[in-house]
Amino acid sequence: MERNLKNVLVISFGFLLLFTAYGGLQSLQSSLNSEEGLGVASLSVLYAALILSSMFLPPILIKKLGCKWTIAISMCCYIAFSLGNFYASWYTLIPTSVILGLGGAPLWSAKCTYLTIAGTSYAEKAGKNAKDVINQYFGVFFLVFQSSGIWGNLISSLILSQSSTKVEVSEEDLECCGAYNCLSDTTNTTESAKPSNSLIYTLLGVYTASGVLAVLLVIIFLDQIKSDQAETEKENLEAPSFWSTFLATFRHLKEKRQCLLIPLTMYSGFEQGFLSGDYTKAYVTCALGIQYVGYVMICFAAVNSLCSLLFGKISQFTGRKLLFALATVTNTACIIALLLWKPHPKQLAVFFVFPALWGLSDAVWQTQTNALYGILFEKHKEAAFANYRLWESLGFVIAFGYSTQLQAYVKLYILLSVLVLSMVTYGAVEYLEAKSSPGTPTATKKENGRPCSQETLM
């Protein structure tokens with residue numbers, strides 16, 4: 001097996017194991033820890049810590065430790081969050097959420113940097129277009145990674161469905177479900193039907209073991225990428241100051257294209273936050289019960305995973321503009337339908353249609369936006385991907401922050417507004433790129449011995 005591909009698969013399956021645990025826990029937080037809004041509060045704190053981490057830690061850790069050890073150490077922070085859920089309280093979940101947040105930005109920045117360098121290295125050896133190889137590597141990664149939602153939610157559904165507590169939802173309670181949901185946690189009896197502690201401990205034990213396996217997989221099998229080491233050594237010879245590295249994330253905001261991509265990046269956090277925090281609670285748990293949350297999210301993850309691979313491969317033929325248009329139309333249709341739909345247990349199939357369509361759209365946001373960052377900011381990958389996590393995390397913080405304060409219909413209108421703004425600013429990025437290289441869409445030039453694309457990833 002080609003060495004770069006082996007490393008891509010190691011990272012992919014490491015993230016699969018890690019996010020099998022974290023993804024399942026995140027989907028359940030708003031329903032499992034609904035008392036006083038503890039679940040969504042912990043998620044909001046988590047992503048707030050992730051913002052702070054994005055500002056400072058990724059460039060420093062990646063340069064000091066390299067991508068491999070940054071990934072391994074950051075994964076341990078996710079395990080701490082699983083341990084904190086064993087006794088869910090403000091004194092356990094909030095501190096472990098902060099720990100996870102601090103490790104999140106270095107983890108994702110190191111992953112994105114590793115895949116970008118691996119793709120560029122292989123393209124140079126094989127004589128291929130770097131942007132196409134990078135796009136395919138991200139497609140492979142997200143194919144494997146997004147399936148973590150399938151396994152994590154399948155585990156939670158199978159375990160939590162063993163509960164002997166069955167609750168019939170009355171028509172009166174159903175009035176509090178959907179876009180115009182009631183904000184009180186005590187209104188619907190499904191919210192009080194929590195699984196037994198033994199089932200919760202079993203679930204958390206499986207999740208913790210999955211995280212530990214992820215760390216071991218990376219430590220044992222992942223290579224410290226040579227190109228990364230060479231670049232680090234070169235930068236060390238140039239002796240950059242500590243503050244130069246420390247402020248790399250902020251300096252990158254001087255790049256006009258980076259600023260224009262902020263709304264699109266934040267929207268990724270908004271839309272994922274709504275599905276995992278609001279759709280699961282106001283629609284699924286409210287009308288069907290917490291045991292259905294996992295099954296619904298499996299549908300989202302399965303479609304997301306398959307579409308990630310598909311879009312990663314066909315983007316070089318269709319162009320990213322068409323894919324972004326597809327995601328925009330699909331998300332807009334879902335938002336409008338959710339505003340109009342009144343969920344009812346008799347409409348079981350409909351509960352799965354929305355996450356399926358949402359998964360299709362999210363596959364575009366994830367694969368194309370990640371690859372776009374890797375190509376546009378190839379010379380400043382660490383700072384660029386740190387900005388990606390920073391602004392996406394801000395979207396999560398806002399989405400989870402107002403989760404218990406606003407009705408679902410208000411959140412849907414906010415989501416639609418951010419989506420429209422995102423497409424306007426993304427269009428401006430495309431305009432700037434077209435203007436910077438008129439008549440030479442495939443032109444490339446050499447910088448520092450590496451091909452530097454003058455067009456954005458199509």
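The backbone N, Cα and C atoms fix where each Cβ goes, glycine too.
Automated prediction, rather than curation, is the source of TrEMBL annotations.
Copied over from TrEMBL:
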- 39-57: transmembrane segment (TRANSMEM)
- 69-88: transmembrane segment (TRANSMEM)
- 94-117: transmembrane segment (TRANSMEM)
- 137-160: transmembrane segment (TRANSMEM)
- 199-222: transmembrane segment (TRANSMEM)
- 289-311: transmembrane segment (TRANSMEM)
- 323-341: transmembrane segment (TRANSMEM)
- 347-365: transmembrane segment (TRANSMEM)
- 386-404: transmembrane segment (TRANSMEM)
- 410-429: transmembrane segment (TRANSMEM)
- 438-458: region 'Disordered' (REGION)
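Among the stretches 39-57, 199-222, 289-311, 410-429, the one making the largest number of Cβ pairs under 8 Å with the transmembrane segment (386-404) is 39-57. Away from its own ends, the transmembrane segment (410-429) comes close to residues 179, 257, 260-264, 266-267, 270-271, 274, 278, 324, 328, 331-332, 335-336, 338-339, 376, 395, 399, 402-403, 456 of its chain (Cβ-Cβ under 8 Å, at least six residues beyond either end). At the 8 Å Cβ threshold, with sequence separation of at least 6, the transmembrane segment (94-117) lacks contact with the transmembrane segment (289-311), having fewer than 3 such pairs. Here the listed stretches are 39-57, 69-88, 137-160, 347-365, and the one with the most C-beta pairs under 8 angstroms to the transmembrane segment (289-311) is 137-160. Most Cβ pairs under 8 A with the transmembrane segment (347-365) among the ranges 39-57, 69-88, 137-160 are made by 137-160.
For the transmembrane segment (39-57), the list of distant contacts is 26, 28-33, 81, 93-94, 97-106, 109, 246, 249-250, 269, 273, 277, 386-387, 389-390, 393-394, 396-397, 400-401, 403-404: same-chain residues at least six beyond its ends, Cβ to Cβ under 8 Å.
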